[in-house]
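To start, I am sharing the structure in question, which I have written as structure tokens.
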Amino acid sequence: MMRFTQLIWCLMLLLQFSFFADAMLDPVDFLALQAIRKSLHDLPGSNFFHSWDFTSDPCGFAGVYCDGDKVISLNLGDPRAGSPGLSGRIDPAIGKLSALTELSIVPGRIMGALPATISQLKDLRFLAISRNFISGEIPASLGEVRRLRTLDLSYNQLTGTISPSIGSLPELSNLILCHNHLTGSIPPFLSQSLTRIDLKRNSLTGSISPASLPPSLKYLSLAWNQLTGPVDRVLIRLNQLNYLDLSLNRLTGTIPGRIFAFPITNLQLQRNFFYGPIQPANRVTIPTVDLSYNRFSGGISPLLSSVENLYLNSNRFTGEVPASFVERLLSASIQTLYLQHNFLTGIQISPAAEIPVSSSLCLQYNCMVPPLQTPCPLKAGPQKTRPTTQCNEWRG
């Protein structure tokens with residue numbers, strides 16, 4: 001009986017030893033986490049690192065997730081909305097976490113450059129360090145992380161260009177680099193699974209090559225840059241878009257009518273230098289079209305009357321507003337119709353017509369007296385009609 005009891009105790013000890021051996025973190029990962037902890041600090045009001053006591057198992061730390069003896073996911077900072085975040089710098093030891101597949105840091109005051117050692121994380125698929133103060137250039141060596149799918153470095157202080165190596169990532173699906181100080185041209189993107197590109201509010205220049213953007217894109221925002229050249233051949237290829245914003249650039253040329261047959265949820269092409277009429281399409285299925293603040297000219301196609309929210313203000317459109325717009329406006333099928341600041345000469349609507357409460361119409365500052373008074377946005381100004389001299393010059 002004594003020998004049997006001893007055997008049971010021996011088995012229990014072996015099982016406990018085996019458990020702790022499995023739970024023991026790889027020493028390289030352990031030292032990397034220590035280095036990362038020393039370089040980062042809780043901002044006042046944050047208590048994220050309270051659980052990071054290295055006398056216990058690091059796999060139990062907040063934001064640390066392990067598989068066996070390796071760290072596979074590192075989410076630094078309290079993810080709850082409004083949390084203060086972290087300060088400090090990202091230690092190059094981050095590259096020692098060889099099994100890492102996910103790295104994220106919540107908004108805070110992380111400064112300094114993005115360590116080039118991140119390129120050593122060959123299994124990394126998700127990298128998100130947004131709304132901090134990361135500066136310097138995006139390491140071209142990130143192109144060596146061939147399994148990377150999401151790269152979000154938005155709302156930082158990044159400078160330099162977007163390396164072609166980033167565009168060559170074969171599995172990239174989300175690229176979010178908006179609100180930085182990036183310069184240079186947009187590189188070609190090779191991934192056929194890329195669905196989102198957000199590069200707005202940078203200082204990107206040059207033209208957009210037709211072959212640079214894959215047809216798989218569903219979200220494209222290039223607003224607030226200094227891009228130039230035509231976009232017709234680019235847009236024709238992007239037949240899966242449901243959001244498009246090219247506003248506040250220096251783009252030129254015509255807009256291909258075929259894009260209005262795409263099921264785009266939002267389309268913004270404001271404050272560019274497009275010229276020529278908007279070519280009609282066979283059908284329009286876009287809930288919102290915003291082409292305001294450009295230099296579009298010619299007549300307005302009746303096909304656009306199927307758009308629920310249409311912003312054509314501040315362009316050079318001429319002629320009469322098609323009757324189909326009036327019909328859909330009075331039936332509340334059009335919710336917003338902004339036509340102010342053009343060179344339109346008429347609209348067939350009764351002065352006694354009642355615009356539905358759910359609909360908005362603005363006709364100010366055209367080459368006609370608006371047949372009925374409707375509330376307009378403040379930016380439309382107080383003038384109801386464009387000066388006759390301007391209208392005569394435009395007709396000439």
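Here the Cβ of each residue, glycine as well, is placed from N, Cα and C on the backbone.
Because TrEMBL annotations are produced automatically, they should be read as predictions rather than curated entries.
What TrEMBL shows for this protein is this:
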- 29-67: domain 'Leucine-rich repeat-containing N-terminal plant-type' (DOMAIN)
- 1-23: signal peptide (SIGNAL)
Within the domain 'Leucine-rich repeat-containing N-terminal plant-type' (29-67), count helix residues (DSSP H, G, I), strand residues (E, B) and coil residues, in that order.
18 helix, 7 strand, 14 coil
At a C-beta cut-off of under 8 Å, are there same-chain residues at least 6 beyond the domain 'Leucine-rich repeat-containing N-terminal plant-type' (29-67) that contact it? List them, or none.
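Cβ under 8 Å, 6 or more out: 23, 73-78, 83-91, 93-94, 96-97, 99, 108-110.
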